[in-house]
Amino acid sequence: MFDGYDSCSEDTSSSSSSDESEEEVAPLPSSLPIIKNNGQVYTYPDGKSGMATCEMCGMVGVRDAFYSKTKRFCSVSCSRSYSSNSKKASILARLQGKPPTKKSKVLQKQPLVAKLAAYAQYQATLQNQAKTKAAVPVEGFSWGNYINSNSFTAAPVTCFKHAPMGTCWGDIAEGVRVEVPNTDCSLPTKVFWIAGIVKLAGYNALLRYEGFENDSSLDFWCNICGSDIHPVGWCATSGKPLVPPRTIQHKYTNWKAFLVKRLTGAKTLPPDFSQKVSESMQYPFKTSMRVEVVDKTHLCRTRVAVVESVIGGRLRLVYEESEDKTDDFWCHMYSPLIHHIGWSRSIGHRFKRSDITKKQDGHFDAPPHLFMKVKEVDAAGEWFKEGMKLEAIDPLNLSAICVATVRKVLADGYLMIGIDGSEAADGSDWFCYHATSPSIFPVGFCEINMIELTPPRGYAKLPFKWFDYLRETDSIAAPVKLFNKEVPNHGFHVGMKLEAVDLMEPRLVCVATVTRIIHRLLRIHFDGWEDEYDQWVDCESPDLYPVGWCQLTGYQLQPPAPQSSRDSQSSSSKQKKKAKSQQYKGQKKMTSLQLKEELLDGEEYNFLQGTSDQESNGSASYYIKQEP
C-alpha cells in the first residue's frame with residue numbers, strides 16, 4: 001500500500017547511491033508480510049537504507065521507495081529515460097550543479113553542512129507560506145477552527161443530493177485512512193504519509209498522522225475531495241515516497257511492522273474516488289445558454305436570461321436586455337425559478353417579452369431536459385381553485401409564513417399565490433409555486449407545529465384565528481389532501497452547520513446553522529446575524545451545501561458577521577447583505593406602494609424562493625383541516 005518508510009534521521013539519511021552502497025542492499029526477504037488493497041498486492045521493504053536521489057530527475061526520497069534493486073531511480077519512467085540518454089554525465093552534472101567527472105555514475109554524498117542549509121531554507125519557505133496564509137483577512141475564516149473551538153457538528157454530505165458526491169459519498173467516516181502530504185518533514189521535496197480521519201465536517205476532515213496515537217498536536221483539517229488526498233496504495237502505484245513525520249521518526253524502529261499492523265483491515269477511499277469527484281463536478285449548463293427565469297423586479301412574471309457563468313452548479317444569469325451585463329440573478333441549476341424557453345407560454349404564466357428581436361450570436365436555448373422536473377399532478381378531480389386560502393412562505397420575507405390566497409390556477413399544477421393584506425392591485429407581486437412545492441401549506445399548519453403565522457397586514461382581530469378569518473372573508477381552505485405531505489429521511493439535526501445561500505441576496509453563500517426542523521422544513525440561521533434574518537428552507541433545497549463546498553468549487557464563502565456588525569444591526573443594514581435591509585427588511589414588510597417607489601428609484605428586489613420541487617419517499621400526517 002505504500003512504497004517506503006524510514007526513520008529519516010539526519011545522521012543516516014544521506015544521498016548515497018554509490019556502487020558500493022548498492023551492493024549492501026539485501027534482496028527483499030520472501031517472508032515479508034503483504035497486504036491486499038483493492039485487489040493489488042504490495043510488499044514492504046525493511047526501510048533501513050536511508051535516503052536516495054533519482055539520477056534522472058533529482059527527486060530525493062526514501063531509498064526503499066525507489067525503483068529496481070539498485071535504487072537509482074524514483075520510477076520506471078526515469079530509469080528508461082536515463083538508459084536512452086547518451087549524456088548521462090551531463091545530466092548528473094546538472095543535478096549536482098557541478099562539472100561531471102569521468103567516473104561519475106551516480107550522485108555523490110552531499111556534505112552535512114550543505115544538507116543542513118537546504119533543510120533550513122526549506123523550513124524558512126514553509127514558515128513564509130504560513131505567514132502569508134495567516135495574513136488573509138476575509139478568506140482567513142477556517143471551518144476547522146470554527147468547529148473545533150465551539151464543538152460544532154456539520155451536516156453530512158449525504159444530506160445534499162444535489163452537491164458533488166452527495167449520492168456516492170459511501171462509507172467515508174471516522175477511522176478511514178488516506179495518504180496525504182507529510183508537512184512535518186525536513187526534506188526539500190514533497191513526500192507523503194498515512195493519516196486517519198478523526199472527525200468529519202461536510203467535505204472537511206480532521207486528520208491525524210499514523211503513529212501519533214492520542215497526540216493531537218499536529219492534527220490538521222483538509223478537504224477530503226482535494227487533489228492531495230489519496231486512497232492507501234496510491235503512493236505505491238504512483239511511485240511516491242512515504243516518509244514518517246519528523247516528530248515521531250524515532251518512535252518505532254520497524255515502520256513496516258507498525259504500518260502492517262495498523263492498516264490491515266482498515267478502510268480507505270475507493271480507488272476511483274478522485275474520478276467520482278471530478279465527474280460529480282461536471283455541470284450540463286454552459287455559458288451562453290438562454291433560459292426563462294423569474295423577473296426579480298416583478299415577481300409575477302418571467303424574463304429571458306443568458307447563462308454568464310457556472311460555479312459549482314450555481315448559475316449567474318444576465319437578463320437578455322442588460323447591455324452592460326450588470327442586471328443579473330443568481331440561482332442553482334436545479335432551482336424551481338428557472339425554466340426552458342417557452343415554459344411560461346405553455347402553462348399560462350406572465351412573461352416579459354424581450355426588446356431583442358433575435359438571439360445574439362453564440363446564444364442558444366438550453367435543452368428542456370436539463371431543468372428540474374416537478375411531480376406530475378392530477379388536476380381533473382378535486383383541485384385548487386381561485387380564492388382558496390392557505391399558508392405560504394413569503395418570498396419577500398423568507399423568515400415568515402403568511403396567510404395567503406390562490407389567485408390563479410395555471411397549467412401543469414402551477415399556482416399564482418398572493419400574500420393577504422399586502423398585494424398589489426394589479427397582481428404584480430403574486431408569485432408562482434407548484435402544487436407540490438414544500439413552501440405552501442394547508443390552513444392550520446403553523447398552529448399545529450407551533451410556528452408563528454403572520455396575519456394579513458391591518459387585520460385587527462388578534463390573535464388570528466383561521467375559523468373567524470374564513471368566515472369573515474367568505475372563503476374556504478384549500479383541501480389538505482392537495483398538499484405535498486412527503487417527508488424524506490433527510491438526515492438534518494438541529495445545531496448542524498452548513499453553507500447556505502442568502503436567498504434574499506442569492507449571490508452570497510454564508511456560514512449557517514439549522515436551528516429548527518419541522519418535518520421537511522428547516523429554519524436556517526446565518527451565523528453572526530440576528531434571528532430576523534433567518535429563512536425557512538426545504539430540506540432538499542439546492543441552495544444548501546455541505547461545509548467545505550465553497551472551498552471545493554471555488555465559490556466565495558461569507559464568514560459569520562464580526563461583533564462590530566452585530567452591534568450595529570439594529571440601526572444599519574448588514575454590511576455583507578446590504579440589499580437585505582435596504583430592500584425588504586425592517587420592522588414590517590414593505591407595502592406594494594413602497595415597493596414600487598423603491599423600484600422607480602432604481603432599487604431592485606432580489607427574490608429567490610427557498611424551495612425545491614425534488615420529491616423523496618416518506619410520509620407524515622402533520623396537517624390539520626380547519627374549516628368552518
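Glycine too: its Cβ is placed from the backbone N, Cα and C atoms.
Because TrEMBL annotations are produced automatically, they should be read as predictions rather than curated entries.
The shown structure was predicted, so the numbers you read here are calculated from the model rather than taken from an experiment.
According to TrEMBL, the protein carries these features:
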- 1-18: compositional bias 'Low complexity' (COMPBIAS)
- 563-573: compositional bias 'Low complexity' (COMPBIAS)
- 608-620: compositional bias 'Polar residues' (COMPBIAS)
- 1-32: region 'Disordered' (REGION)
- 558-592: region 'Disordered' (REGION)
- 606-628: region 'Disordered' (REGION)
- 141-245: repeat 'MBT' (REPEAT)
- 253-349: repeat 'MBT' (REPEAT)
- 351-456: repeat 'MBT' (REPEAT)
- 464-560: repeat 'MBT' (REPEAT)
Three-state composition of the repeat 'MBT' (464-560), taking helix and strand from DSSP: 18 helix, 31 strand, 48 coil
Counts by DSSP class (helix H/G/I, strand E/B, coil) across the repeat 'MBT' (351-456): 10 helix, 36 strand, 60 coil
Averaged pLDDT score, the repeat 'MBT' (141-245): 94
DSSP residue counts for the repeat 'MBT' (253-349), split into helix, strand and coil: 22 helix, 35 strand, 40 coil
For the repeat 'MBT' (141-245), residues assigned helix / strand / coil by DSSP: 16 helix, 30 strand, 59 coil
